[in-house]
Structure formats: C-alpha cells, structure tokens
Amino acid sequence: MSEDTTEPLVGPSTLWKDLRALLPDTEEELKLDLSEKVDRSMATLLRQALGLFYEGRWQKCLQASEAVLDYSWEKLNTGPWRDVDKEWRRVYSFGCLLKTLCLCQAPQKATAVAEALRVCDMGLLMGAAILGDILLKVATVLQTHLLPRKQPACGPHQDQPATKKAKHDASSTPDVVLDREVPRLRCPPLQHFKKHFLVPGRPVILEGVADHWPCMKKWSLQYIQEIAGCRTVPVEVGSRYTDEDWSQTLMTVNEFIHKYILSEAKDVGYLAQHQLFDQIPELKQDISIPDYCCLGNGEEEEITINAWFGPQGTISPLHQDPQQNFLVQVLGRKYIRLYSPQESEAVYPHETHILHNTSQVDVENPDLEKFPKFTEAPFLSCILSPGDTLFIPAKYWHYVRSLDLSFSVSFWWS
C-alpha cells in the first residue's frame, strides 16, 4: 500500500451517504433471490448478515459477512473454476458487498477505504453480478473518495522510468523481412477489409483506427496509477504460461508497477488477458470498439475486451484463439509472428487437452532436432507500434513478445 493511504480521509460522512444511496431503503426491498443450490444454513446466515446491516449493527454484520466469505470461498475453490456454480459466486459477491459497506461505515483513514476497495474488487473478480452490478457502482464511489495519489511524473512526452525493462534494447528487436511482413493499410473501407482480409482470413495491420482514442494521448504509467493504482487485479508470474513455475497472484496495480516495472524483479510479471475495462469503467472511456467489429455475427455486448500490460520481455507463447482478434497497441512495441492454421502440424501443438491450442516450440529459439518441420513453415511478422491495430484471424497461430514497457488492448469477436 502506498504511503498516501495513511492520510486522513476527506468527508467520511459523504462517502457513507453516497454508498448508502446505492442500496434499497429497507431490508424487504433487497432481494437475495438465491436458488436451492445454496445451502439453507448459508442462505440463513446471509439473511442474518443483511438484517444486521439494516439494524445498524456494523460489527456484528462485519463478522457475519466474513463468515459468509469464508464458506463461499471454499465453494469457489473446490474443483475446476468452470464447474463452480454461479449461485455460489453470487453469495460471495453479497459477502463482499456487506463487508465493504461495514468497513466504510465510519472510516477514519483512507487505508480503511483502500481495504474496502480491495474487498469490492475481490467480489468483481471472483463473484457474479448482483443487484444491477452494484459492486461496480460501489467501486466507483470508493475510488472517487480516495485521496489522489502522488506518483512520480511519467507522461507520454517524458522519459519512461530508467530501468532495464523500460529501455529500448536494439539487440532484442528482431529483423522483420520485407516479404514476410504483415501488410499495412490505413483505415480501409469496411467492405474492402471484409473481402480481402476477414473472409479469406488474412492478417493485416490497420493504421489510424485508434488515432482518435483518448488513451493514445492520456495513458502513461502515472495516468494508469492515478486511475487504477489502488485496484486489485490478477497478475501472471513467470516467463510463459507453459512453464512449470508459472503462477497467478492478486495484487494492486500500484504493487504490480512497483514490483515488476519500476524494479528489477527476479520473475516476469504480466497483467495479461484481463477484462480490466469491465472492472474499471473509467479506463473504458478512453478506448472504442473498432468499427470493423460490426462485420461480425455477434452483438457488441458479446465482444470480449482484454488488457495486456507489462514490462519489456513478456511473452505469449505461439498459440491460437477461436475468435477473430483486433490487437491495438497503446504503449510500447511488440514483436509478433503469425502462422496460418494450415501450418498447425508444423508448429507442433501440445498433445494435452488443456494446452492443445499452444505450440511446443520456442519460436525464437526452436529445437529443430525435436521440431524439424518448424523451420519450413512460412510465417508473417511485424513490430506493432503505438496506434497500430493488428487483425489476427480466428485460429491463426500467433507469438507475442513485448520489446518495451507495453499496454495492448485486444477485442475478441465472432
């Protein structure tokens, strides 16, 4: 936690008033609507916690909400995540909501609000939507009331932090051969893109698509810390997700930046494939969905928007995704190599089901004795720079390495 969170909180009574306004006036108006999949004892405990809240018995409510969280946490961590019933995720969200509110009932310092925001984020990350996405609204109120953080200046026109991870390293920048370079077009008409790239499944870099996005001028380390620094996010730790020592952990964006970007950490940290813009709508206001997504079959709400934020040297191993992808580069540069789905045999996918969409080959240092066909497989490559939008067709194999401190936004669509 950064030092400024110990400062006295400004207007705690205003904070409580703003939070309380998000809830119904009476307990009877707040509907839990839990299904029979939730144990009767847990449903009873949650209703008791709710009653304690509306009676103003904050300490008792806090204890009850923590009991709800402990029990539902066990349910969330039993078996594969895909098998966790949504009802238990809703129970967890209710527990997070009540604990968050109790922590903010009479906070004396901003540390209490920062802890409340951490709990709220846990509900957003691990729970399911309740009461019209109330946790999103609570998080927005909490952020508004936290004092502005004092971060070192690091704007887009200033030098980035002087660490090895933030400097350009010419020796680490691969050569892109002209006849193997991804083609570039500047804002082609929709039908031209559809006919020549979408339908035949050909990669292309679209220039100018993101020029008008506010993030292209606003985003910097300082800005990201100011908007999202106190938010809890999942971070991948390790060089590649295929490595045995790879893991995931939860930390605030500030902690991530200080540990993995501003410092020389032993491991590589990567805020990867996270729906950050659903968690923090303030950042979503700085981006737009590319117009070309309208050529898809799905609705706009079905487009998955992910953030990819990390230091120089983060790697996404050669893999393929089932959906069309627009990868927009906002900060820094990335080296990307692409192989057609027709070359699947030559990239040697893992044989296990969980990694069947990932190649066994280390793209930039291949073991050709073990994978002899790989060197013969044709590919395209590029250096993706700020403002570039790369179209990666569905099931196209792609390998990504960041050459600088980097922030990318991906749009997966059908």
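Just so it is clear, glycine is given a Cβ too, placed from its N, Cα and C backbone atoms.
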Of the candidates E226, E236, E364, E369, the one that Swiss-Prot places in the protein site of Q273, S316: E236
Of the candidates H258, H274, H398, the one that Swiss-Prot places in the Fe cation site of H319, D321: H398
Candidates E236, Q273, D321, namely the binding-site residues, that fall within 10 Å of W412 (2-oxoglutarate binding site) by Cα distance: D321
Among E236, Q273, S316, the record's protein binders - longest CA distance, Å: 11
Tally of residues which DSSP labels helix, strand or coil - the region 'Interaction with RCCD1' (1-107): 71 helix, 1 strand, 35 coil
Count of other CB atoms lying within 10 Å of the CB belonging to N325 (2-oxoglutarate binding site): 21
E236 (protein binding site) versus binding-site residues Y270, H319, N325 - nearest by Cα: Y270
